[in-house]
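What TrEMBL records for this protein is below:
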- A:D42, A:D112: Mg(2+) binding site (BINDING)
- A:Y82: site 'Interaction with target DNA' (SITE)
Amino acid sequence: MNNFDEKKRIQEFSTIQRELLPQINLENKFQVEEIRYIAGVDLAYWDVDEAKYGTCCIVIIDYFTKDVVEKVYSYGEILVPYIPGFLAFRELPLVIEAVEKLTLQPDLYIFDGNGYLHDRHMGIATHASFLLNKPTIGVAKSYLKIQDVDFMMPENKEGAYTDIVINNEVYGRTLRTTQNVKPIFVSCGNWIDLDTSTEIVMNCINNESRLPIPVRLADLETHKIRKKLIER
DNA sequence: GCGACAG
DNA sequence: ATCTTGTCGC
């Protein structure tokens, strides 16, 4: 009910992720030209008495036309607390529920959060790839410090980036998707390389947001769904 | 006690 | 993530 169980749970979470680690492959599992549908995933939360509830929305766009081709959502009680470094365990249950409602099969998922840019290389985007069996990209709006390493601010120019290198390994990169706007943090989820991840993210940027369209739309959608669910 | 802290 | 109005600027 408190500290011992909490530490034990974190140990279990770490064990699960350590076992997945060897299966990460940062090479494209596909041809970029055959990417057609890209899904954006995001969640929003609210309280019901002492309980925490959440909704997960997935928005799929056509990578070429940028039109929305499908939207689904799931919702329910959130049973895992937010623990920095273990976001996957809190959010993935609802993500899986939403994915099961899809009629289209996305070629790629973009998550609101990190992927390989993570202490154990197991941010939500990377962890999710093993449950979805699809390539994934992680896009975070802020930096979760790793081993006391800071990031270098990229130039104030659209498309500028700086790699985040730790122990001689590239974990991810900051990316200035829009001029005069804070950069985002892009990293591989799985079965894709960082350059391709960056290219795809940049191709999903419009004047509405610094975030890739599918993630931005999923974000907006979670707010609508939450409002709808609360007013009942 | 204090600082850190993806979402 | 969430609580929240106006306001400065393109």
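A Cβ is built for glycine as well, from the same backbone N, Cα and C atoms used for every other residue.
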Can you grab the distance from A:D112 (Mg(2+) binding site) over to A:Y82 (site 'Interaction with target DNA')? Cα atoms, rounded to a whole Å.
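Approximately 15 Å lies between the Cα of A:D112 (Mg(2+) binding site) and that of A:Y82 (site 'Interaction with target DNA').
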Pop the Cα-Cα gap between A:D42 (Mg(2+) binding site) and A:Y82 (site 'Interaction with target DNA') into the table, whole Å please.
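Given the Cα positions, A:Y82 (site 'Interaction with target DNA') is 15 Å from A:D42 (Mg(2+) binding site).
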By the DSSP assignment reduced to helix, strand and coil, which category contains A:D112 (Mg(2+) binding site)?
strand
Just counting, how many other CB atoms are there within 10 A of the CB of A:Y82 (site 'Interaction with target DNA')?
12
When DSSP is mapped onto helix/strand/coil, what comes out for A:D42 (Mg(2+) binding site)?
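Once the DSSP labels are grouped into three classes, A:D42 (Mg(2+) binding site) ends up as strand.
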List nothing but the one residue from A:D42, A:D112 whose Cβ has the fewest other Cβ atoms within 10 Å; the candidates are the binding-site residues.
A:D112
